[in-house]
């Protein structure tokens with residue numbers, strides 16, 4: 001199977017062919033207009049046989065024009081399928097990569113700096129600008145909330161949380177994942193105030209929240225990091 005590096009050349013070739021088919025269609029349409037004008041002008045002086053012959057020329061030109069248009073549509077469909085094929089391959093490769101990365105992260109201590117650097121693959125800008133399923137809360141639009149319970153026992157509990165309602169949602173393979181559960185954005189989410197947090201966004205249920213707490217909020221991983229530094 002041809003690699004994606006050949007896609008630009010293939011697209012350029014197909015678009016060039018479609019342009020040529022467009023030009024042939026336009027030329028044939030001009031020919032039809034000319035034949036029609038000639039027929040209207042001379043029809044009164046034509047013999048029946050001449051009328052039939054002239055109408056056959058017009059019909060043949062229309063058939064050729066339709067043929068060019070059908071070829072152009074077929075070429076457009078082939079181009080779409082070609083691009084879609086590469087997209088499906090990229091989605092499959094990305095899914096395998098994310099699965100391997102998740103296995104590596106789950107197989108190591110989540111406080112390991114090496115695993116933190118791997119998880120940093122998505123940029124902060126991409127996370128904050130992506131279109132999620134739910135509303136992410138900010139400091140200004142959230143009421144007072146009970147404080148988080150710190151400690152490894154709480155962290156171990158929430159690491160095992162996998163909201164079942166996420167599994168029922170249609171997931172776009174291109175949509176990024178967040179939180180300790182590695183799921184897509186849904187419902188209300190809260191952002192960690194640690195600028196170096198490798199995850200940044202968390203589902204309320206996964207961090208035992210129902211509303212946004214007042215003041216700064218740090219995720220369980222960053223809380224443990226801060227404790228270690230003290």
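Cβ coordinates are placed from backbone N, Cα and C, and glycine is handled just like the others.
Remember, TrEMBL labels are computer predictions, not curated facts.
TrEMBL lists 105-149 with the feature region 'Disordered'.
Taken from TrEMBL, the feature domain 'PHD-type' covers 176-225. The average pLDDT computed over the domain 'PHD-type' (176-225) stands at 87.
Marked as site 'Histone H3K4me3 binding' by TrEMBL: 178 (among others). Every protein chain considered, the tally of other Cβ atoms within 10 Å of the Cβ of residue 178 (site 'Histone H3K4me3 binding') stands at 24.
Counting every protein chain shown, the Cβ of residue 181 (Zn(2+) 1 binding site) has 18 other Cβ atoms within 10 Å. Residues or ranges marked as Zn(2+) 1 binding site by TrEMBL: 179, 181, 203, 206.
Summarising the annotation, TrEMBL assigns site 'Histone H3K4me3 binding' to 189 (among others).
Within the same chain, residues at least six positions away from residue 219 (Zn(2+) 2 binding site) with a Cβ under 8 Å of its Cβ are 180, 192, 194, 197, 199, 202, 207. The annotation Zn(2+) 2 binding site is assigned in TrEMBL to 192, 197, 219, 222.
Residue density at residue 193 (site 'Histone H3K4me3 binding'): 14 other Cβ atoms are found within 10 A of its Cβ, drawing on all protein chains shown. According to TrEMBL, the feature site 'Histone H3K4me3 binding' maps to 193 (among others).
The site 'Histone H3K4me3 binding' annotation in TrEMBL covers 201 (among others). The 10 Å shell around the Cβ of residue 201 (site 'Histone H3K4me3 binding') contains 20 further Cβ atoms across the protein chains shown.
Recorded residues residue 179 (Zn(2+) 1 binding site) and residue 201 (site 'Histone H3K4me3 binding') have their alpha carbons 6 Å apart, per Cα-Cα distance. Closest to residue 203 (Zn(2+) 1 binding site) by Cα-Cα distance, out of the recorded positions 178, 189, 193, 222, is 189. It is 179 that, of the recorded positions 179, 189, 192, 206, 222, has its Cβ surrounded by the most other Cβ atoms within 10 Å. Ranking the recorded positions 178, 206, 222 by the distance of their Cα atoms from the Cα of residue 193 (site 'Histone H3K4me3 binding') places 222 first.
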